[in-house]
Structures are given as structure tokens and as C-alpha cells.
Amino acid sequence: MIRLSRFRTLWMSCLIRLVVMKQAATVGAKEIEISWELPLDRQPLPPQSAHVGDTVSFGWDVVSVHNVYTMPSLASYQACDFNAAQAIGSISPTLYTFTENDVGTVWFACQLAGHCSFASQKIEFTVSPAVPATAPPTSQPSTSPVTNAPTTPFPTNDPTFAPTASPTTLSPTKVPTPTNDPTLTPTASPQTTAPSSQPITGAPTITPPTTPPTTTRPSSQPITGSPTKEMSRSNRRLSHVAEWNWAIMGMLAIFMVIII
């Protein structure tokens, strides 16, 4: 029977402890464990500090018998006067959670005969208000007004680069240079249609057509110099035309050989 009663007390104490811890669970709350045994030196336990929301756990051996009371004043605490004291519990562990009404000093003592007056089984707590756990992050957004900085560099840099890049477009002065080449275009273009009328059988046997009569070229241009100079110029042009014809015919022959 004694063992069953001990198991029941342990089971009930665990349940009470879980319920109290669940009710007292707040941000930053902690649990303070006190070994609630008779002091060997007969001196009160060292004073402790706590905050609102913290929980004190008074624990002792199962063989020992103790209880926990809250003392109404410092005088009753020093004199171990339990007339106005309030009982908290007599089962280990006994839990007590500090509230706003406990801000200041709270005294605890064991009410059993001789435990407080003779063995000094008592302790005092200095209780402070709960520490707020939110406000600091609100000061960070004050550093956001950095958006005013990029407004200054835009109007100062843009107008300076625009006029410097525009003068580089004045390069069309080199366009009149192709005026020296038009003499070659009218001579080569009419000769491309001549070889299309002849069947191409082999690359080396193709002969270029005869050069056009020289009488038509000088008729369109006024003769200002001597006839010998004009003839030499026409001969040079005809030789160039013949060379171009040979080159074109050779390329056509090579092309036909590749195709065949």
C-alpha cells in the first residue's frame, strides 16, 4: 500500500507540473528548480531573481515530507509566522508561477515544525516585470530613405554624352570615290547573253564571240584628239573586253564540266 501511494503521488505531481507549465508557457518564460530540502548549515537558501511568467519548481525526495507556503511579509518571513501564510502544495514537485501581482519580493517557507524556525528552510525571490520580446525590429525601417540618392546623377551625366557622339556621323564625304569605275560596267554587261545561244560541249573548245565593231563606239563620243590616240584607246578597251569574255567563258566552261 505504501508503494502504491508513492506511485500515485508521483503520478499526480507529474500531471500537476505539466498543467502548470502549459498554462505558464509565455515568450521568454523559464523554470527555476529549487532543491527543497533541509539546509545543512541552517541558513536560508540564497536569494533568487525571476520575471513575471517564470515558474519555480520546489522538489524533494519521496521519503522526505515538506510543503511550500508563501509568506505575507518580510516580518512573517523572518519570524516564520504562518498565521497569514498561504499554502501552495505538499507534493514534490510543487510549482508556482509568478504573475503581475508578484512584482517585487516573494517569500517562500516550509510550514512543518522546526523546518523554518530551526533549519531555516526558506527562500526569497525578487520578481521583475516580463521582458517585452517584440519592439526592437520596428527601428530598422528608419534607414529606408536611401531612395533619394539616385535622383541626382541622372540629370548631370546624360546631357554631356549626347552631343559628343553625334559628330561622328559626318563620314559620307568618302562616297564620291566610286566615280572612276563606271567605264567597266557597260562593256561587260552586254557580253553575258552571247554565250547562252551556243551549246557547250566541252570546256576548252568554246570560243568567245567576235568583238563588236569599233565604228559604233566612237560615234557616240566627240573626237577631240588625233585619230591614232582614239584608235589606241579603243584597242585597249577591246582587249579588256576580250579578256573579260575569255574569263567569263572559262568560268562557264568549268561550271558546265562540273555539272556534267
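Along the chain as shown, the residues are counted starting at 1.
Using N, Cα and C of the backbone, Cβ positions are placed for all residues, glycine too.
Taken from TrEMBL, the feature compositional bias 'Low complexity' covers 140-205, 213-224. Per TrEMBL, domain 'Phytocyanin' is recorded for 23-129. According to TrEMBL, the feature region 'Disordered' maps to 132-235. Annotated signal peptide per TrEMBL: 1-29, in sequence order. The transmembrane segment feature in TrEMBL is assigned to 241-259.
Note: the domain 'Phytocyanin' (23-129) comprises 10 helix, 39 strand, 58 coil (DSSP; helix = H, G, I, strand = E, B). When averaged over the domain 'Phytocyanin' (23-129), pLDDT in the model lands at 92.
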